[in-house]
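**Student:** Have a look at this one before I ask anything.
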Amino acid sequence: MKFGKIFKKQMVPEWVEAYVDYNGLKRVLKEIRSYKHSKLTRAASRVSQQAEALHRSFSGLSFHPRHSERAGDIEDQVIKVDTVQEEGSRKLYETKFLKKSEEGGEFEESFFKKLDENLNKVNKFYRDKVKEVIEEAALLDKQMDALIALRVKMQKPDVDNLNLEKHPSDKVVVDTSDNTMRTQGTANTDMVHGIERTNIPEEEASHIMADIVPVSHTNGDEEEASIGDKQDLREILERVKMNDVLESPITTLKGVFGDSNEPISKKGLKKGEEQLRLVFSEFYQKLRRLKEYSFMNLLAFSKIMKKYEKIASRNASRNYMKIVDNSLIGSSDEVNRLLERVEVTFVKHFSSGNRREGMKCLRPKVKRERHRVTFFSGFFSGCSIALVIAVVFKIESRKIMEKNYGTEYMANIIPLYSLFGFIILHMLMYSANIYFWKRYRVNYTFIFGFKQGTELGDREVFLVSTGLAVLAFVCFLLNLQLDMDWRMKHHKTLPEVIPLCLATIVLFILFCPFNIIYRSSRFFFIRSLFHCICAPLYEVTLPDFFLGDHLTSQIQAIRSFELFICYYGLGEYLQRQNKCHSHGVYNAFYFVVAVIPYWLRFLQCIRRLCEEKESVHGYNALKYMLTIIAVIVRTAYELKKGRTWMILALVSSGVATGMNTFWDIVIDWGLLRKHSKNPYLRDKLLVPHKSVYFAAMVVNVILRVAWMQLVLEFNLKSLHKIAVTSIISCLEIIRRGIWSFFRLENEHLNNVGKYRAFKSVPHPFHYYDDDDVDKDD
């Protein structure tokens, strides 16, 4: 694999703009090569024209560049790199190309100008990130002081006077100038040059580099100073307060109606330890990514300079790489030292000194694709197609629809099985979304907050959906077979129980506590669903409101679940007739069920409005309130009919549809920006074909309008009406799948613009500094 592809693959998606523009530099080199090639072609033709005249004096003369034989002697005269000092001890590099007067020199000058821009950009980004992690390390020092003090207090409650000594490696000097961050040991650049000499494949080299953490060396003075740092236990405990890192409805209500401060218990300390483990793990991943960022950029500079030497026939690589080696990204050793400190601290305090167990937590294994997943996905999809054909043939061969009871029979069982059809279609759309997110490098695992190594890929989701499809079609086929079998005429209620058994199996798999069938993903879904149901008592995160939006597209599935409760709970299956609409309670819940998803999203928006104080959440809440009104009026029309209800349903649905469509395209997708680089789209697009975005907007409008068709009076039979309702519900699920891709694309681009590549894990302890005390006074 070429380095350009490996370089792109190894990038942190949210930091793409901060990397060396390797492809841009290659384009400049192509211009230089094209010019050199045309120059050599002209020179060769000139030589051939003079061949006869020169033949009598010089036999076999060939063209040679004038100064090529002495290129090695004038290497130092090709470029001159100056350092410009800026405020805050920051350095900028400026390269002067000394051969500008030569023919084609302006191309090479533009190459070095672009190279300097990339070097300065990379150094600036690296400097800012190193400053950020050093400050974060200082905060983690205070968190560890608090944890150790609380552990001692819990083990020995009577001890008040105890000095906590810090490990020599815990000393951190928060000085982010270029001079202090640069050390004598240039481990990264030495490693890069070693890889260049040994010809190790770049992809393998990047993994080697990420796994090696050089041992930092601390001078004697620094070590002596840090050993002398001692803190009193009582002083620390007086400054520490436990944060509510694991929010629950109880803690939320306590925060609203009273003081949530409570004495720290052993249970609370245990939760704090678990939270601090997550903080250290996330911090370690950030350090590793920063180390990989440094290494890959150094490798990119080395590769591009080798290409320049080959194309321009100039030996400028050594001089320029010396500058790169001495720059911040090539010489700073702060990240390596922090990596070592985190490993030592984590192993000592969170793994009982067991380094192997500690490193397993800090470096979770990368998830590998399994061939059996692909095999069973194909197997189940093939079985699903075969079962669909079998169902169609069964209905046709028994001529069910031509019999008197056939229509009524299908009208009874189709709503029951449609629940599973909606779920399967939704999962298939989610599988397609994951495939395209991965293809266009949308970091969906970070956006959703999935734990590394446990996230489901597109093939796993496809496997689950096709497996459920096989199960549903087998049950449906079995239902048909038993109903039509003359031997079962005395046990007519037995086939009616099959949909209930299928629903029980699905619920058992979903809530199964054993570590089978992707337990971590199932529990993540259950937790997000519970947060949605308990809105606004939980802090609203992206997975929560994303799931809430998807629930609004599953109104018909929720109503099918309500039908399950009525059909089996009230004993309707014993009469083999669906008369649930004759029950007043069912009709009341028929209203409520349609409103619940929108109401939950409304409450989530109100919670975010109160916390973030941003007006956009207020407008979003208004949008859901209008949708709630439209759904209520439409449901009332569906039950009561009448021209007045029809007009009210059309007006309310039209207003809600218009606002929802505008919100989808402009707010959620970030499109229709009139003055953007891409007219009527947005500045940054991940999909290279602009027509895809315009097509998606048109399809979204059409499918948004489709649900209004339910308001119109078609005078359809019961079965046909069920079919139309199911088709429109399927179209809404497809629309939601399309919406999901562009919604996460826009979220990813927002993260890219802010270089936000890691989730912020809340610290378990709040440590009061002297500055905080002064502010309180």
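Placed from the backbone N, Cα and C atoms, the Cβ positions cover glycine too.
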**Student:** Could you confirm whether, in Swiss-Prot, the topological domain containing R607 has the same name as the one containing F450, so that both are on the same side of the membrane?
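**Tutor:** Yes, Swiss-Prot places F450 and R607 on the same side of the membrane.
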**Student:** If I go by Swiss-Prot, the feature transmembrane segment sits on one of 373-393, 520-540. Which?
**Tutor:** 373-393
**Student:** Using a Cβ cut-off of under 8 Å, list the residues of the same chain at least 6 residues beyond the transmembrane segment (497-517) that approach it.
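**Tutor:** For the transmembrane segment (497-517), the far contacts come to 413, 416-417, 419-420, 464, 468, 471-472, 475, 478-479, 482, 525-526, 564, 568, 573.
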**Student:** DSSP on the topological domain 'Cytoplasmic' (430-459): how many residues come out helix, how many strand, how many coil?
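**Tutor:** Once the DSSP states are binned, the topological domain 'Cytoplasmic' (430-459) shows 17 helix, 0 strand, 13 coil.
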**Student:** Using DSSP, how many residues of the topological domain 'Extracellular' (668-691) fall into helix, strand and coil, respectively?
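**Tutor:** Helix (H, G, I), strand (E, B), coil: 3 helix, 2 strand, 19 coil.
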